[in-house]
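Trainee: Structure in structure tokens, see below.
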């Protein structure tokens, strides 16, 4: 070599296999018995001396008797022990070197530590935001407790209560499982004590209630509280009354609500029940909402599951079994149905009010009852799949100029004119589509197990597109809060001068907000879908969007004396306050925001199904094949 290298030539043949086992002879031969070593060692007196010392030491270890022998043993045993001790010492001398882990380079050590640090920082960030939502819930409850305890809802601005839902203390029951999930024991105790003390008397003596609203809010809330407080287990895991208090009240209420089913001449129940005399009657005009009669089954099925009484499930499931036989338009159904004839009424098709949760419960009842492993309910999944194909074919459109994907309406049926109107209520759909695609698993888990069909992937993409549109309905306004209803600019429709007020929004020309539709009721549908999509896709943008929505609620709807209020106009600042805190703000909106920022093992989607009022119902795994 023309130039010396930074290492000696004798290193060129170095064996770098760190953990390769090498026989003792191969270790000894190249060292002690090699010519070079003998020559180098013996030509100096120091080397000779060291070899002699080594040999004397080895002889001493072999020939010296063991020191730790037991005096009670005989002489033969002493010799044996001495020999064993010598052999064990020899084994220690020639034992194999320990296997050491590979050493990381400084860069690898930095990257590893930095990655862990980033994970910790990210987790702490969302824990902090989760705590803010918890504080908002406490503030909402404090206003209700101070000014409206026992009433259905709080009028936060005027500081009073109102009974718009039959007088069963709906906010108490709707908020209870949220407090349980958040671990706020004093609120759990306060709400539970009120239920134990007052609810049964009210169920027995109150007048008219709506079957749908009472089922999803009060019955659903009681059943969820029963489960979360330890119902069915030997030990209660919550403060407040024993779990059976919630179950007994749920059963008392359901027995009265059953009259809506048994009083009807068809499988379609009447819409209203008079609690004190167990009588039911149709709504004014005689029709029931399609979504209302088909959004009772999760709650009544679970009541049968925990009581063993089949009457609840049988009555509720008759509705869906009957609706299976009715004519549909590519799986889509009109928003009214007659309890007198059992037939749909009119042609108005939409996924907003009076239509929305029909499609939601087709999927969720199937999931809660054991999903595809319960073959007797396969018809529900088939009805859902057919309906989603119909949605994509007949209702999904793209806005101009920027191409937001939205879901419109067919007010006069499939042969009539398309309306680019989309209720905020429709924003439940992204979460439902995502849940239907993966059955509650994350997208990565479902992909790894080869569970996603082409149609599932297509529905998941549509879910993400619609979630973006729902978020832009918030960001396009001056307050950052969505209107109750939005219209979308398409070739056949545009009304200028009705934007959301946020001129910097990229989509200010895509979204039209008419003056009559600018109110905000603290609705949960968008944050519900953000929660589900974050759990399934694990994309942090859904958390970021949810945080922006929460900040807007805090800025414009919080009432300093306690509670939150709905708004009259989200396009102006400051917005005029409407003076009502809906029960679903505590039961749904804040719950979904809290879970959005929580660890994904809290209320996992493959173990719970949330009813349409966000009350978690455990999946019935006894219906699944093992």
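Note that Cβ sites are derived from N, Cα and C of the backbone, with glycine treated the same way.
Predicted, not measured: the structure shown is a model, and the values here were computed from it.
Residues or ranges marked as active site, proton donor in TrEMBL: 213, 484. Annotation source TrEMBL lists active site at 356, 525. What TrEMBL lists as Ca(2+) binding site is 612. TrEMBL lists 427-470 with the feature disulfide bond.
Could you tell me the structural context for the features on the list?
Mentor: The Cβ of residue 213 (active site, proton donor) has 19 neighbouring Cβ atoms from other residues within 10 Å, across all protein chains displayed.
The Cβ of residue 356 (active site) has 25 neighbouring Cβ atoms from other residues within 10 Å, across all protein chains displayed.
A simple way to gauge crowding: the CB of residue 484 (active site, proton donor) has 19 other CB atoms within 10 angstroms, across all the protein chains here.
Counting every protein chain shown, the number of other Cβ atoms lying within 10 Å of the Cβ of residue 612 (Ca(2+) binding site) is 26.
Neighbour count (other Cβ atoms within 10 Å of the Cβ, all protein chains): 28 for residue 470 (disulfide bond).
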Trainee: Using C-alpha atoms only, work out the spacing between residue 356 (active site) and residue 427 (disulfide bond) and round it to an integer in Å.
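Mentor: Cα of residue 356 (active site) to Cα of residue 427 (disulfide bond) measures 9 Å after rounding.
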Trainee: Going by C-alpha distance, which of the recorded positions 484, 525, 612 is nearest to residue 427 (disulfide bond)?
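Mentor: That would be 525, nearest by Cα distance.
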Trainee: If one looks at the chain holding residue 525 (active site), which residues at least 6 apart in sequence have a CB under 8 angstroms from its CB?
Mentor: 424, 425, 426, 427, 428, 470
Trainee: Round to the nearest Å and give the CA-to-CA distance linking residue 484 (active site, proton donor) with residue 612 (Ca(2+) binding site).
Mentor: 18
Trainee: I need the CA-to-CA distance for residue 612 (Ca(2+) binding site) versus residue 213 (active site, proton donor), whole Å please.
Mentor: 10
